[in-house]
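Report on one structure; see the data block that follows.
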Amino acid sequence: MSIKAEEISSLIKQQLEHYDDKLDIEEVGVVTYVGDGIARAHGLNNVLSSELLQFDNGAYGIAQNLESNDVGIIILGKFDDIREGDRVKRTGRIMEVPVGDALIGRVVNPLGQPVDGLGEIKTDKTRPIESKAPGVMQRQSVNQPLQTGIKAIDALVPIGRGQRELVIGDRKTGKTSLAIDTILNQKGQDVICIYVSIGQKESTVRAQVETLKKLGAMDYTIVVEAGPSEPAPMLYIAPYSGIAMGEEFMYAGKDVLVVFDDLSKQAVAYRELSLLLRRPPGREAYPGDVFYLHSRLLERSAKLSKELGGGSLTALPVIQTEAGDISAYIPTNVISITDGQIFLQSDMFFSGTRPAIDAGASVSRVGGAAQIPAMKKVAGTLRTDLASYRELESFAQFGSDLDQATQAKLARGRRTVEVLKQPLHKPVAVEKQVVLLYALTHGFMDAVPVDDIARFEQELYTDFDANHADLLAEIKSTGKLPDENKLQEALQQFASSFSSSNK
């Protein structure tokens with residue numbers, strides 16, 4: 001068999017024509033240490049801060065510490081099968097999560113993967129978890145109310161769309177219930193809600209998801225869950241994932257509410273990671289940049305300018321205090337970042353005043369501008385009246401010889417406290433709140449025994465729904481009080497027909 005030189009040369013020419021000289025260059029490092037959700041790798045000389053890295057087993061990590069000899073990496077997910085000597089490669093991108101309408105109604109983990117057993121989430125849109133907050137000129141002032149349906153908040157510490165309002169209090173004082181009720185009240189308000197659960201018991205989260213489903217709130221809600229059994233990196237990135245999902249809707253011109261429940265546990269997870277990465281500890285062993293941890297998150301909450309679509313992202317961060325100490329490190333940090341705080345007191349909670357909002361310590365720095373005129377008018381003096389009642393109440397314990405005016409103030413104060421109580425998962429529409437508070441401040445409840453106030457409230461709503469729906473509709477559509485003569489006449493008719501249980 002003779003081999004012809006022409007055939008060989010033509011075959012070589014064919015091979016050269018089809019030769020593809022594209023090379024895939026990967027920068028690969030070697031794992032030198034792994035444990036507690038942390039890995040160290042040698043050889044990643046050009047890696048960028050916060051860059052996403054991939055391990056041999058498919059797990060991802062984020063580059064945190066860039067040192068002269070190695071890189072400190074936080075591992076996202078399980079790290080049991082990562083070994084010393086495994087390879088880790090750069091991806092050239094930062095951590096992203098899936099976003100968009102496909103996530104609404106779903107329960108996902110901080111990586112955007114479904115954990116509700118309802119199948120995969122079909123979306124091709126992603127967003128980086130870290131992004132720059134809108135600048136001063138990209139925002140507008142908060143001017144639209146976000147109704148929580150909770151009388152004590154909408155009247156005393158109103159929240160505007162685009163605001164950051166801290167919910168702070170000891171454990172078991174109703175912080176989560178308050179946030180869930182706010183989500184429930186957004187039904188029909190064209191607000192998309194994102195509930196980020198950080199380190200909450202999985203049984204508790206399950207119960208909350210069932211409540212949201214039962215009351216129809218999952219139709220406009222995304223739940224991001226990082227359970228206590230998850231590694232610390234998952235608890236650390238959960239709030240950033242949640243706000244990235246919200247930003248997608250905000251930049252599309254929609255209104256979004258994001259609840260972070262709670263950021264104390266995220267700070268603890270970040271402290272754990274920082275200590276494992278050998279970063280120097282500071283006050284309460286937190287690292288020096290723990291303020292930046294929360295400020296860069298909450299600054300992404302905004303009311304965008306009209307040029308950018310006018311969307312808004314309202315943040316309700318939750319912080320847990322120890323024995324009511326709001327002067328601890330993390331509480332003071334977050335108080336200074338946010339636009340106000342709602343302080344829940346355990347003494348009030350256990351005495352039966354629920355929601356246990358301490359009107360004296362709670363404040364809303366920008367929400368007042370967003371309050372509807374009708375509510376501003378009826379609730380104007382409510383805070384000072386309540387504060388003077390608390391003061392008088394402590395003096396009244398020492399003697400019974402009180403003048404008529406003081407007794408009247410005490411009687412009005414008791415009724416005010418009773419009016420601001422509210423059962424769980426029963427948000428009240430703002431127009432009904434206005435009518436109720438008008439009745440309180442104009443003396444229509446002065447003759448009603450304190451024990452009958454709750455019944456008076458329910459019967460008042462029923463009466464107005466049946467006989468004065470036009471007045472409620474006017475408050476709802478205009479945001480202003482209707483003709484006061486008509487309103488007073490309607491309240492007078494109802495008050496005279498109301499029978500107290502003492503009779």
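Note: Cβ is positioned from N, Cα and C throughout, glycine not excepted.
According to Swiss-Prot:
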- GLY169, ASP170, ARG171, LYS172, THR173, GLY174, LYS175, THR176: ATP binding site (BINDING)
- SER362: site 'Required for activity' (SITE)
Secondary structure at THR176 (ATP binding site), reduced by DSSP to three states: helix
Environment of GLY169, ASP170, ARG171, LYS172, THR173, GLY174, LYS175, THR176, the listed ATP site - residues of the same chain whose CB lies within 8 A of the CB centroid: GLN320, LEU344, SER346, PHE349
Residue pair SER362 (site 'Required for activity'), GLY169 (ATP binding site) - Cα distance, angstrom, rounded: 11
Candidates ARG171, LYS172, LYS175: member of the binding-site residues with the richest Cβ shell (10 Å): LYS175
Same chain, 6+ residues apart, C-beta under 8 Å of the C-beta of ASP170 (ATP binding site), given in sequence order: GLN320, THR321, GLU322, ALA323, GLY324, LEU344, SER346
Recorded positions compared (THR173, THR176, SER362) - highest count of Cβ atoms within 10 Å: THR173
Least Cβ-crowded entry, counting other Cβ within 10 Å, from the binding-site residues listed as GLY169, GLY174: GLY174
